[in-house]
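In what follows, a single structure is set out as structure tokens and then discussed.
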Amino acid sequence: MVSRVIPVDPFDLVIFGGTGDLARRKILPGLFRRYCAGQMPPEARVIGAARAEMDDAAYREMIGEAIAEFGDGKAVDQDKLSAFLETLSYVAIDARGETGWRALAGHMRRKVVRAFYFSVAPGLFGDLAERLNAHGLTDDDSRIVVEKPFGRDLASARQLNQDLAAFFDERQIYRIDHYLGKETVQNLMAVRFGNMLFEPLWNSQFVDHIQITVAETVGVGGRGDYYDKSGAMRDMVQNHLMQLLCLIAMEPPARFDPDAVRDEKLKVIRALEPVQPHHIVRGQYSADPDDPESLPDYRTAVENPKSRTESFIALKTHIANWRWAATPFYLRTGKRMVARSSEISIVFKDTPHSIFGEEAGRHRNVLSIRLQPNEGIKLSVTIKEPGPGGMRLIDVPLDMTFADALGPDGAENVDAYERLIMDVIRGNQTLFMRGDEVEAAWAWTDPIIEGWTNRGDVPKPYDSHSAGPDAAAQLMRRDNRDWREVTP
Ligand SMILES: NC(=O)c1ccc[n+]([C@@H]2O[C@H](COP(=O)([O-])OP(=O)(O)OC[C@H]3O[C@@H](n4cnc5c(N)ncnc54)[C@H](OP(=O)(O)O)[C@@H]3O)[C@@H](O)[C@H]2O)c1
């Protein structure tokens with residue numbers, strides 16, 4: 001199946017932090033793929049901006065190398081790469097000073113979409129917004145894109161929102177959560193709201209529980225200093241897992257438009273119940289016994305022997321509304337786990353009575369939505385085990401792995417960043433977080449973090465390459481449930 005590519009309007013995209021890790025690893029290789037696909041028009045211009053002095057040629061060389069290193073592994077078409085690099089230029093600019101702003105103004109064209117990607121530390125967001133305005137670089141149609149972390153608590157998120165709102169309308173602000181750009185996440189909405197099949201069952205009468213797991217195999221790597229001030233709750237749960245939970249739990253919006261969708265997500269966040277202390281398990285990974293030198297324990301990796309920051313968290317929460325009041329939501333995320341896997345599982349209730357007798361076993365339908373790797377949706381259904389051995393039941397998956405179902409074109413995943421950048425240019429905010437959503441998410445998160453800080457809780461150690469601390473398994477077992485296996 002060949003997907004249609006509709007080119008976006010010509011644009012000027014300024015990437016503040018255009019020499020940084022995110023720009024080189026994700027944003028520019030993603031733009032190059034959109035260029036090759038014909039979605040980024042040749043008239044578009046990308047302007048890298050950072051403090052380091054360099055000319056256009058040096059910047060193009062830097063980005064050419066980044067595309068070779070961080071591209072999708074396929075052979076790079078050198079003619080297309082040269083043409084793409086021609087669309088790039090560079091301006092040395094200081095977000096906190098006056099250097100470079102006039103030069104940047106000289107690069108910008110009239111009558112094209114203007115977008116400004118703030119791929120810099122959040123402490124610079126306010127400075128950038130203020131200077132963009134002071135130098136007359138924005139108009140009513142200009143957009144800014146801001147990266148996570150959007151605050152570290154409610155107070156700082158509010159401050160950031162205010163700093164941006166001083167110069168931009170909410171409709172101009174695109175807060176990225178790249179999880180929302182994943183193909184399967186959008187498919188989740190198509191599956192829920194494009195089919196009649198699931199909606200009648202999508203409630204606590206039929207759903208036993210929902211579990212969301214985002215497991216990583218990597219440790220904190222070179223981000224130790226940042227991560228130790230953040231932890232899994234702030235870095236993953238408050239944004240990515242919360243967004244997934246919203247899409248699973250929200251009511252059908254009246255239209256697939258940005259505010260209708262975000263209004264429904266906001267209602268879910270506001271209906272989340274506070275989490276009880278005994279419904280939270282926090283962990284810190286231990287050194288890899290086979291390779292303690294290069295894969296050290298969490299505290300060594302962050303160079304903080306007394307750290308109480310969690311690299312793993314599992315928790316149980318409820319949504320206080322008619323649809324979900326009796327259905328627990330279990331969330332789990334961690335680093336250095338046994339496999340890299342992001343999966344949402346909707347576990348339906350047992351059949352109320354087995355006509356096949358107890359020996360045939362009780363079976364549950366599970367709808368699992370896999371975000372990475374191997375994006376796809378699987379529904380396990382119960383059938384008779386083939387053969388003459390009587391009525392024995394087994395669970396088999398109805399599998400919609402996109403790579404299989406849609407052929408090579410479906411398998412060619414568009415990276416979340418490239419999809420979201422194209423949405424910015426199109427002016428579609430559906431997959432971006434609104435300011436009130438972010439604040440509501442922090443309002444739920446803050447008391448949980450304050451609770452364990454005040455109690456002086458210490459995270460439990462867990463083995464590298466495991467599913468997290470045993471206490472996380474106990475959290476489910478106490479409810480006669482089990483986590484789904486973390487598999488690659
Ligand atoms: N890397 C990721 O995978 C990732 C993922 C999610 C979110 N993020 C977020 O994305 C943002 C960028 O992350 P990153 O990893 O790319 O950081 P980074 O590698 O440290 O890059 C920072 C960039 O900002 C520029 N910069 C710093 N101070 C500046 C100033 N005063 N004026 C203008 N430019 C300045 C730097 O260049 P100069 O020093 O030359 O100015 C560099 O280009 C951060 O908010 C981060 O939290 C990153």
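Even glycines carry a Cβ here, placed using N, Cα and C.
Source: prediction; values computed, not measured.
Sequence annotations record features per position, and here TrEMBL assigns domain 'Glucose-6-phosphate dehydrogenase NAD-binding' to 14-187.
Within 10 Å of the C-beta atom of Ala23 (NADP(+) binding site) sit 25 other C-beta atoms, taking all shown protein chains into account. Here TrEMBL flags Gly17, Gly18, Thr19, Gly20, Asp21, Leu22, Ala23, Arg24, Arg51, Lys148 as NADP(+) binding site.
Lys182 (substrate binding site) is surrounded by 23 other CB atoms, counting those within 10 A of its CB over all protein chains shown. Residues or ranges marked as substrate binding site in TrEMBL: His178, Lys182, Glu216, Asp235, Lys335.
The annotation domain 'Glucose-6-phosphate dehydrogenase C-terminal' is assigned in TrEMBL to 189-484.
Around His240 (active site, proton acceptor), the C-beta neighbours below 8 angstroms that are at least 6 residues distant in the chain are Asp177, Tyr179, Val214, Thr333. Under the heading active site, proton acceptor, TrEMBL lists His240.
Cβ environment of Gly17 (NADP(+) binding site): Ala23, Ala49, Ala50, Tyr117, Phe118, Ser119, Val120 lie under 8 Å away, each six or more residues apart in the same chain. For the binding-site residues Asp21, Glu216, Asp235, the largest tally of other C-beta atoms within 10 A is found at Asp235.
Among the binding-site residues listed (Lys182, Glu216, Asp235, Lys335), Asp235 has its Cα nearest to the Cα of Arg51 (NADP(+) binding site). In terms of local Cβ density within 10 Å, Lys335 ranks first among the binding-site residues Thr19, Arg51, His178, Lys335. Over the domain 'Glucose-6-phosphate dehydrogenase NAD-binding' (14-187), the average per-residue pLDDT in this prediction is 95. In this structure, Gly17, Thr19 are the binding-site residues from Gly17, Thr19, Lys182, Lys335 whose C-beta falls under 6 Å of some atom of ligand 1. Across the residues annotated as binding substrate (His178, Lys182, Glu216, Asp235, Lys335), the widest Cα-Cα separation comes to 20 Å.
The two recorded residues, Asp235 (substrate binding site) and Thr19 (NADP(+) binding site), show a Cα separation of 23 Å.
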